[in-house]
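Quick look at what TrEMBL lists:
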TRANSMEM  75-94  transmembrane segment
TRANSMEM  100-121  transmembrane segment
TRANSMEM  197-216  transmembrane segment
TRANSMEM  222-246  transmembrane segment
TRANSMEM  331-349  transmembrane segment
TRANSMEM  369-391  transmembrane segment
TRANSMEM  412-433  transmembrane segment
TRANSMEM  448-469  transmembrane segment
TRANSMEM  490-509  transmembrane segment
TRANSMEM  529-549  transmembrane segment
Amino acid sequence: VLVESHGEKDDSNEGTVVDFRGNPVDKSKTGGWLAAGLILGSELSERICVMGISMNLVTYLVGDLHISAAKSATIVTNFMGALNLLGLLGGFLADAKLGRYLTVALSASITALGVILLTLATTIPSMRPPYCDDYRRKHHECIEANGRQLALLYAALYTTALGGGGIKSNVSGFGSDQFDVADPKEEKAMIFFFNRFYFGISLGSLFAVIVLVYIQDNVGRGWGYGISAVTMVIAVAVLICGTPWYRFKKPQGSPLTIVWRVLLLALKKKNQPYPSHPSLLNDYDNRKVPYTPRFKFLDKAAILDDNCAANAEKNNTWLVSTVTHVEEVKMVIKLLPIWSTCILFWTIYSQMTTFTVEQATIMHRKIGSFVIPAGSFSAFLIISILLFTSLNEKVFVPLARKITHNPQGITSLQRIGIGLVFSVAAMVGAAIIEKERREIAVEKEVKISAFWLLVQFFLVGAGEAFAYVGQLEFFIREAPDRMKSMSTGLFLSTISMGFFVSSLLVSIVDHVTNRNWLRNNLNKGKLNNFYWLLAVLGFLNFLVFLILASRHQYKIQLPIEPESGEKELKGLNGETIQDMEKKASLQAVGEVEP
């Protein structure tokens with residue numbers, strides 16, 4: 001058995017790393033970049049499939065299924081929202097029962113099935129309404145696809161979303177499991193893992209928006225989606241073949257159970273007085289993480305009442321929590337404020353897959369006699385991501401290290417903040433360009449070059465290079481170790497909520513403006529006003545982020561095992577756990593003082 005499930009795990013099993021036979025790992029034969037590379041093949045293929053779908057789906061919905069622009073945009077953003085939201089389910093299953101390896105393997109197989117169904121949905125003639133010529137389209141006489149025709153399409157999209165969510169929430173965590181942060185050499189490799197991980201999957205995105213989008217538009221949708229399905233099947237085979245080289249961390253029980261149990265016990269014991277010192281809390285001496293004074297009301301879950309002490313039931317986690325579990329729940333709660341401010345970035349990003357592609361369809365896209373597919377302009381988004389991801393690793397991070405003397409160079413929150421600034425700038429540029437495009441199209445009946453869209457693609461891509469890596473690193477590093485997959489799912493839920501917020505905003509704006517802003521014919525609408533709205537919301541969100549980020553206390557990285565004879569755990573910087581707890585306590589006090 002590769003990964004065993006034991007339900008609720010004892011804390012002594014935390015961090016247990018084994019090979020595929022269940023034996024302690026041989027670091028010379030397992031893990032490292034080889035294992036991580038084989039694992040990331042699944043995410044590379046998932047990105048090829050999802051980007052190949054999302055970046056060009058709106059043109060199929062509008063052009064072939066004759067669905068309105070606003071409704072098509074909502075279908076795309078709901079699909080992407082569901083995919084990332086299902087990452088929470090994938091993370092939960094991995095942490096609680098299946099382990100990351102089995103979850104990634106099963107999810108990749110489901111994704112392959114979904115893309116095969118999508119190939120059928122776009123190939124079978126009866127799954128599309130009758131062809132609509134330019135005359136009928138101009139007079140709004142096209143027949144929209146009916147429910148029966150959309151049924152297979154929806155089934156394919158949400159099957160793909162189910163599998164994609166499982167891959168996304170686990171593949172980065174499983175990849176990072178291949179490095180031992182206690183080993184200086186492997187920790188150094190780990191610093192670059194997230195950057196290279198994102199660089200690699202961006203190459204897959206680039207292939208999707210250039211090659212697959214062109215095939216979809218000029219050869220056939222079936223061929224484009226069929227190639228995606230084949231790459232996913234190959235990725236599953238590669239993942240399974242690499243099994244002997246992986247390091248596996250055993251699942252340690254449902255992290256959600258720990259969360260709600262601590263909250264329930266804290267509420268149940270709300271009337272009990274706090275102990276005179278935190279050391280009187282249950283299992284304080286055996287804590288795996290430092291005690292912190294933040295969210296002190298949760299400490300009540302670890303209060304040993306007379307009944308528990310008398311009956312020696314301090315190990316019964318349904319009656320009293322441990323300090324370790326309470327502190328892990330505090331870590332999760334500390335993530336939520338930053339989580340909330342990450343959502344709007346992805347709302348802005350979602351416009352690159354919907355309205356920006358729609359803009360490209362009515363702009364000049366020719367180079368000589370060659371017409372660039374509207375969806376392929378997303379390639380410039382990916383190129384921008386690749387450029388700034390490379391600059392991060394080769395220029396920005398090394399330079400920041402020299403200036404700050406911080407091994408990370410740029411902290412995860414600083415990355416997120418830079419990404420938010422780029423996203424606001426992108427919407428300002430998009431609004432200005434769309435206003436000029438519409439005025440020239442209406443007054444002079446001239447199509448301006450679609451290459452003007454590079455401004456918003458470039459700025460959003462630069463923002464994503466910072467924000468995606470920053471958010472992924474933040475949620476994985478700052479979450480408890482036992483909840484690594486669920487925390488990745490929490491990160492993906494920000495992307496999900498961003499797409500859902502986009503759908504909600506489109507619906508609200510459509511209703512409030514009587515469909516004057518977002519029309520099928522963009523020349524008769526006011527899309528630039530919608531972009532200005534996003535710019536204003538993005539700026540306000542950035543101000544809130546600055547306030548929350550300035551108050552965030554990074555997770556104290558523990559611990560190196562104590563040397564024999566020592567009674568004090570020591571952190572990575574040589575401080576004792578007690579020293580670090582004292583420092584955290586002083587920081588917390590400083591925040592509430594005037």
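Cβ coordinates come from backbone N, Cα and C, glycine included.
All TrEMBL annotations are machine predictions without curation.
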Quick check for me: are there 3+ Cβ pairs below 8 Å between the transmembrane segment (369-391) and the transmembrane segment (75-94), leaving out pairs under 6 residues apart? no
Are the transmembrane segment (331-349) and the transmembrane segment (490-509) near each other by the rule of at least 3 C-beta pairs under 8 angstroms (pairs 6 or more apart)? yes
Stretch contact, the transmembrane segment (222-246) with the transmembrane segment (100-121), Cβ-Cβ under 8 Å, 3+ pairs: yes
Find the member of 100-121, 197-216, 331-349, 448-469 that has more C-beta pairs under 8 Å to the transmembrane segment (529-549) than any other listed stretch. 331-349
What same-chain residues lie close to the transmembrane segment (197-216): Cβ under 8 Å, and 6 or more beyond its ends? 36, 40, 43-45, 47-49, 51-52, 55-56, 60, 172, 175, 223-225, 227-228, 373, 375-376, 378-379, 381-383, 385-386, 389-390, 393, 465, 468-469, 472
Going along the chain, which residues at least six beyond the ends of the transmembrane segment (448-469) come within the CB cut-off of under 8 Å? 194-195, 198, 342, 345, 348-349, 351-352, 356, 359-360, 363-365, 372, 374, 377-378, 380-385, 387-389, 392, 415-416, 418-423, 425-427, 429-430, 433, 436-437, 440-441
